[in-house]
Structure formats: C-alpha cells, structure tokens
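Structure record follows, encoded as structure tokens.
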C-alpha cells in the first residue's frame, strides 16, 4: 500500500512539475496564514489622563503638622515622629487631600468617600473621552482598581451610571491589590482585549484617601496617613489595528511577581486593628528588604525579555565564575545594565526610600529616578496611579521620543512587584496640556536633605 502511494506521488511530481509548484505555494500560504492567525495581538495605549486636584485642596506641611497638633490625639513622642517623617518624606507643599480631611476632626464617612471617588474618576474619564471625541457607548471593557474603598454598587458601576456606558460592557472592579494594582489592571485589560478583539478598554486607577485615615497612635500604622495623597488616572487601551496610527504607546511586556507565600512578605503591608480597636494599614520594618526581594525576582524574569544578549551573557558568565568555577577574583555577580534596553523608568512613588532602593538595585543614575521623585514631591504617594503621573512628567518635559522604551515598576501589598514595558510609537507633543503643564518650568527641584 505504502509503495503504491509513493509511486503514485512520485509519478505526479515527475509528470506534472507544476503540481510541485502548487504544493509548495500552498504550504507557504498555510504557514503564512498560521503565523498571522497565532501571532501575538498588539495592545495600544491611545492616551491617558491624570487627575489634577484644585488648588483649594492643597495641604502644606505646616498645615498638616498643625492638624496633627490640634487633633490632640498624640503624645509628644508620637507627634515628633510624625513631624520627622513629614519633613523627610520628599513630599512638597502642593500635594492634596480630599475636603473631608481638611476638617477637624476629619470626616471619614461613606458619603465623603464616594464624593472623593466621583471627583477624581469622573474628571479623568470626562477629560480623556472628550479629548478624543469618544462616545462612552463605544467602550467595550471597563476595569477599575481601588485597594481599600470597595463600595456597593462598585466603582465601575458609578462610572457606568454617570457616563451611560452600554449594557453589555465587560466591567471588572479590583480591590485589595495595593499600589501595584495599576499594572495588574493593565494586565487584565490586555488579556481581555486578546479575547475580545477589535475592542476599546478603559482602565481606571486610584486610591480613596478619605475612608482610610488611621485615628490611632501606632507608629507603623501612622505612616500611610503621612505619605498618601489623592490622585487618579484613566488609561485608554485598544486592540484595533487602526488605532496604531493615533496611539502613543504599544505594550511590549508585563511581568507579575507575587511572593505572598513568604509570611514576612505577606505581613509587610497589612490592614489590621491596633490595641485600641482602630483600623489602619501597618507598614513593617521589613518592607524595604521584602520589596528588594520581590524586585530581584521580577527583574530576573524581565531581563531576558528586554536585555541585549551581550548583557545576558555577561550576567551568566559572572554566575559561572562565582558559583561554578569558584574563582576568588569574582567578588560579586554582575548586575545587568538595563539602560542598554530601556530609556526611561517610572518607579512607584511609594516613598523616598523605595525610589532610592530601586535606583541603586538597577544601577541607574540619579536622573533616571527624577520623574518618580518629582511626582512624590508634587503629588505625594497616589498609590497605583503614581506611575502614570511619572509618565506624564516625562512627556511634559519633552523627554519621551518615538522609539523609546519606558519601564513602569510598582509594588503592592501581598507582597507584589509588577513591571510593564511600553514602546513609544508616536511623536509626543510636550506642549499638550496635562497634569504637569502648569508647573513643568519649576521642576526638577533640589530635594530636602535626608
């Protein structure tokens, strides 16, 4: 049987050479179709908007300290601790808190928390959609993240009700994910865009400050009070090919790391009750070492995706020298130079120590942490949206050029470290109005000594 088939096939090829041509052409065509069908779908970032609070909500350090003193909740030691943290925090005089926290005593009601959420998200969504003349009903996917404020109806429902999104929109609300939730939301939206092709996704990132003020005296739980400020961002993503012409960026990679199986990491950022029954989020002393460990794990996965082969080989060779050959001349493992692949870095503005730690770990220059430090100075720690204020800063300063790649790095409770790589695919206009436009000429500024 096999011999007969072979003879038949051979005779076809010999007698009809054109059949072989057709066969090869069909094979090539099938391969091309398969490659086209199964190639990775691109995710485009059309644009994003960051919330700019009104000047009336600013809280200078002196005003914050005065509020602490007038509250009469703290003894001398705890009062001095808070003043010291504020002075060394890296936060300037222009960060803002919601109106409810300007009152004495602070008014942390459910109604006030809703008002803050609506003020931030309604503003950025309206600005983003109106800027690009997008009908709300054309949005196919809606993802929001807010870690500690999770009302019913959800935050996505608030936005759907306000703007009249269509009834079959795919909406998801993330909570409890910490400051790294912004990249998690992008990751989720990317996966949904792969399934629902030719779609638009709107991602909303914020943290509500109003309901999360700690009223106790435990130092580790007072830190969030001193560092977190109001803010938020709206990001418009697309999987439609035609949007590549107008999009600012194309998503290259997302790497997610979760080391929550380690007890110390799991408890490093932890919402709990203190001895007096006050609810707050505790930041442990192990936070920086835990963040370093999470970053190391994340970078080990990110490196092979972005680093040139020369850097990867130098890293591998240093490991062989130190751990295999045990050569005494190899004192430490080579740290790859990520600036060989990435031009910009947006490091979560969680605090001065966090920014400095990442800059040192990645062997970056001081200028590479500028966007993060200036965001911390002007807006404070805005949680998951801080990386978007930083990207906004780079655009406003005219540093983002077509072809550049930018790395966003964020940390969050759990403990998580997430990173995203974006490639700029358009010419960014630095004169385009954004959250930094009115203060670009003032930055960068000299920081207060540590």
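Backbone N, Cα and C define each Cβ position, glycine as well.
Automatic, uncurated: that is what TrEMBL annotation is.
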Annotated stretch (transmembrane segment, per TrEMBL) among the listed ranges 20-38, 39-57: 20-38
Here the active-site residues are 179, 344, 348, 377, 381, and the Cα closest to that of residue 258 (active site) is found at 179
Between the C-alpha atoms of residue 381 (active site) and residue 348 (active site), the distance in angstrom, to the nearest integer, is 8
Within the domain 'FAE' (37-324) only, compute the mean pLDDT. 92
Consider the active-site residues 344, 348, 377 and say which one has the Cα lying nearest the Cα of residue 179 (active site). 348
Could you measure between residue 344 (active site) and residue 377 (active site) for me? Cα positions, answer in whole angstrom. 19
Taking the Cβ of residue 344 (active site) as the centre, count every other Cβ atom within 10 Å, in any protein chain shown. 21
Write down the Cα-Cα distance for residue 348 (active site) and residue 377 (active site), rounded and given in Å. 13
